[in-house]
Each structure stands twice: as C-alpha cells, then as structure tokens.
Amino acid sequence: MQLDARLKQLLDSKGFCLAMLCCVIGYILFKRSYRDVGDIFQSIFMLASICALYVERKQFWKDKMLWALLFAVVVQVLSWVNSRVDIPELANSTPHIGALADLFFFIFMAYWLKGSINNVYLAWWAMCLGILLAFYSHSDILQQIEMGLKGIRIDFNIINAQYPAMYSGVGFLLSSFFLMKYACLSIKEKGLKNITLFISALLLFVAFTFVVITTQSRQVWVALLAAYVVGTILYAILHKEKLNKLILAGAFSLVGFAFYTYASVPLVHERVQKEMGTATSILTNGDMSKIPFNSAGTRLHLWSEALKWVKERPILGSGYNSRVKVIQLAEHFPANIKQHFTHLHSSHIELLVSYGIVGLLLMYFVFTWVIRASMYAPEKRGVNEVLLISLMFTMYWLTVNLFESFFFSNNGQWIHNVMLGSCYTFFLTYKLSGSRTKEQTAND
C-alpha cells in the first residue's frame, strides 16, 4: 500500500503530468515523421500509463472502454479458434491480439490529457503540425507543391496518395474548426493571441485544402461532405438544440464549395467522372465478370470475394490476416492484383472477414461510446466543441474507411488514437475522479 501511495503521489504531481503531456504531444508531432523520436515519447508515456493502470486499477475496472479492450482480445482469440476448427489448413499457428488492441491505445492518451480542453486544443494543433511534418520528412515538399499546381497527383512519398489525402482530411476538419473559432474571437474580443491563432489556422486550412484537392482522393471528398453535413445534423439532435448559425453556415459553405469545385476545377471534375463507366456497368447488369480491374472495379471485386468468406463464417470471422488469404485464393483475380494487393480496401469488410459481426459491432460500440463520452466536455459559448468534432470525425473516419483499410495500418491508427483519445479524455477523467472520491468517502 505504501508503494501505491508513493506511485500515486508521483503520477498526480503537476510536474509529472506536465512531462507526460509533453510526451503525448511529442508522440503526436513526430510519430509519422521522425519515428525514432516519436517512439521515445510513446514508450515513456506508455510505461507511465502501465503504472497508472496499476495504481488506479479499481477505478479503471469500472471503465467500459477498458472492458471493450479486454473483449477485443477475447474476440481475436475466439476468431483464431474458429479458424483452427473450420479452416485448419489456412489458420495461423497462434492467435494474434495486436490488430484490434492497437485501436484502444487512445485510452492512455485520454488519461494523460486529463480532461483539459486546453490540452485537447494543444493535441489538435499538434496533429495538424504532425501531418505537415510527415509531408516534409518523406518528400521534397516544394517539388510536390509544384507538381500539385500542375495538376499531377501528389503523394509526398507516403505509401500512396490515399494516405496524405486521409491525413489532410483530418487536418481540414481541425483547421476549419480553429479558423471559425478564432475568426469569431478575433472579431468579438480582438487581442494579439486570437489574431495570431486565426492567421495560423488560416494558413493550415489553405495548406490542407490544397492537399485534399491535389491528392485527388474521391473517398476523402465524400467523407468530408459526410462529416460536415451528417455530423452537424447529428450534433443538433444529440445537443437537443437548434443548429448554431455559425456551424450551419460552415457546413453549407463547404457543400457549396464542393459543388463549385466540381463544376469549375477540371482536375476535380475529371477525377469524379473518371470511372463513371464502372458505376454504369454495375447499375445496368450487375455482372461482376464484366467489371474491369480499375480503381473502383478492383475494390468491388475485392469486396465481392470477401463477402463469400463472411457468409461462411459470419459470427467470429476467419481470423487475423484473412484479408491476404481472400486475395491470394481468389481464382479469377489477375496475377498483378495478387502480387500488389494485401488488403481489401475497406476496414469495415476486413473486420467482418477477420472477426465477424462480433468484431464489427465491437468497433461500432467504441465509436458510439466515445461520442456519448464527449458530451461530458465543457461547452464554449453554448457549443460543445468536442462533441461536434467527435461527430464530424466519426462520420469522416467511418466513411473514408469504407474505401480504405486505415484501421489496420500504423498511419491510420495514429489518427484514430489521437482523435478518439482527445474526445474521450473528459469522460475518463470525470469517471476516474468520481470513483476515487467515492472510494475515499467510503474509507472515511
């Protein structure tokens, strides 16, 4: 007990909490750019998180998200057992529990953000800068900008164009939020701080808008529209009030901007129209054999083949890394597809294939619970900013993951954990402090 008390005193000290906050921010800034540096920060606050988990074990056991993490481990083991019984020749020799567990790293980030709105703002600014650092560290950024201005699709040498596009979609959401926030504050309160933050947000917004357009990722464009339109409507429903005029104006401005861009920017128009023939082929005859293996067509072939596996093992799935087996064992896939593709271009379908309906519902629970938890965040001028961002990000994230497998990539998990951690911190801090108070009262 004496060790517990000393550890708790250290973990709760202002200096230690500040040091851990710096480690969290360092992780956000450098994890996808200068990874060795980011890994050091991550390792430090993860060791501290293990200590915190031990010291506050009684309080943590009451947290539903920790139970969801434990359930994720159980699901992966059961899925492996299911594959060993049903498809022993294809099953892995041992269970792999990291794939889903990695998506719960945000719990520990939430702990060290300590339910502070200023810490969350800092994490969001760091996210925007971390994305730009990733672009800078992986490529000749000036050359990429020049190529983008010429209408050439850019990718900053980060795997492929979908990844910087996905990053920039998140940066677009956050920078547009800060832009609106500090534009209002600059008008109402003025002051050098608000004006400086407004200009910074404007520069970030311009940068991310440029990348969103020049990476030419249609799924990110669709996801952003879903985030602004559906996200704001859900906010009005959950917040039980009429839509804030500023929020509504921002959402519809983006919709108008999207239609204007489609109509007037040749690059965007051509990208949207590029594979209309594939869509027409599906609508007219629905014959998969006649669908070409182009960008959209390949996705449809992958999903169609994956659903055959889902039908055979719908509840618990076929185990870790089944996505590779789906591709390799497909008889009608061309050799180049089998050689170059290792995922199914949809996190939702990969969850179903690997972990069945149980795994998919578990992840949907996580997003639902984080949204509910964000309602504990403080309001600013009648707006729950964290609830708004959590809804918009969730709509964006679930939509973009319909077409890509970011749940199961390190790049996607970085975004996932930072955003969910920043939204979950208020509820976690409130529950831990509440449980601690009740325990102290009972002991008294």
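For all residues, glycine too, the Cβ spot is worked out from N, Cα and C.
TrEMBL lists 204-363 with the feature domain 'O-antigen ligase-related'. The feature transmembrane segment is assigned by TrEMBL to 16-34, 40-56, 65-83, 95-113, 120-138, 165-183, 195-214, 220-238, 245-263, 352-374, 386-408, 414-430.
Averaged across the domain 'O-antigen ligase-related' (204-363), pLDDT for the predicted model comes to 80.
Taking pairs at least six residues apart, the transmembrane segment (386-408) and the transmembrane segment (16-34) share fewer than three Cβ pairs below 8 Å and do not count as touching.
Taking pairs at least six residues apart, the transmembrane segment (65-83) and the transmembrane segment (95-113) share three or more Cβ pairs below 8 Å and count as touching. Under the criterion of 3 or more C-beta pairs below 8 Å, with sequence separation of 6 or more, the transmembrane segment (220-238) and the transmembrane segment (165-183) qualify as touching. The list of residues near the transmembrane segment (165-183) in space but at least 6 beyond its ends in sequence, with Cβ under 8 angstroms from a Cβ of it, reads 32, 124-125, 127-128, 131-132, 134-135, 158, 194-195, 197-198, 200-202, 204-205, 207-209, 211-212, 215-217, 219-220, 223-224, 227, 246, 250, 254, 385, 388-389, 392-393, 396, 400, 404, 406, 411-412, 415, 419.
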